[in-house]
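Asker: My questions all concern the structure below.
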Amino acid sequence: MHGARSWRGARLVVFWVICVLAVLVDQVTKAAVRASLIPGQPQEFIPGVLELSFVKNTGAAFSIGEGAGPVFIVFAVVVLAFGIWLVWSHDGLPMPLVVSVACVCGGGVGNMIDRMFFGYVTDFFATTFMDFPVFNVADIFVTVGIVVSVILYLVMVDAPASAAEASARTGEAASTGVGDRQDA
């Protein structure tokens, strides 16, 4: 039992470190954008690829749900609570999943802070090589966390079936005598 508690402690430490780092990086970059850029006046960052363009987003990802800030704040709190519960209560949770959940939670909190203090989310990365909504560091954390979580889920769902199949094949090999050494 002691091992499970120490593993839980390690998961929680990793979760909180990543979550806090995501919020810090997100908030520092947004503060820099608010201090140095003027909305509607993009600055070239990586020529032909990316520009910095200060956008006040009152919606969610890709400006969906304009003006529904309070709903998104509640949603972010629910996601954070779910993430904490998941990491705390599931002793067998693999560390990569802990990291991906922390990324989602940290990004969600970063955008929630903007909504609570400014009434909008500060977006600033604008792709110039393709038409794509303006986004921020929190959005990157959320997107990467969700993509990694989905991939891990698909791998974990498939893994038990593969393990069962391998076990069945091993059992068949043992019953047929395949691989048994016969000294005559």
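Just so it is clear, glycine is given a Cβ too, placed from its N, Cα and C backbone atoms.
Bear in mind that TrEMBL entries carry predicted annotations, made automatically and left uncurated.
Just so it is clear, the model here is predicted, and its values are computed rather than measured.
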Asker: In TrEMBL, one of 19-37, 95-113 is tagged transmembrane segment. Which stretch would that be?
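Answerer: The listed stretch tagged transmembrane segment in TrEMBL is 95-113.
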Asker: Fill in the CA-CA distance, Asp123 (active site) to Asp139 (active site), as an integer in Å.
Answerer: 9
Asker: What is the Cβ neighbour count of Asp123 (active site) at a 10 Å cut-off, with all protein chains included?
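Answerer: There are 26 of them.
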Asker: Around the C-beta of Asp139 (active site), how many further C-beta atoms are within 10 angstroms, looking at every protein chain?
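Answerer: For Asp139 (active site), the count of other Cβ atoms within 10 Å is 22.
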Asker: In the same chain, which residue numbers or ranges, 6 or more beyond the ends of the transmembrane segment (133-155), come under 8 angstroms Cβ to Cβ?
Answerer: 22, 25-26, 29-30, 53, 55, 57, 61-63, 94, 96-97, 99-111, 121-126
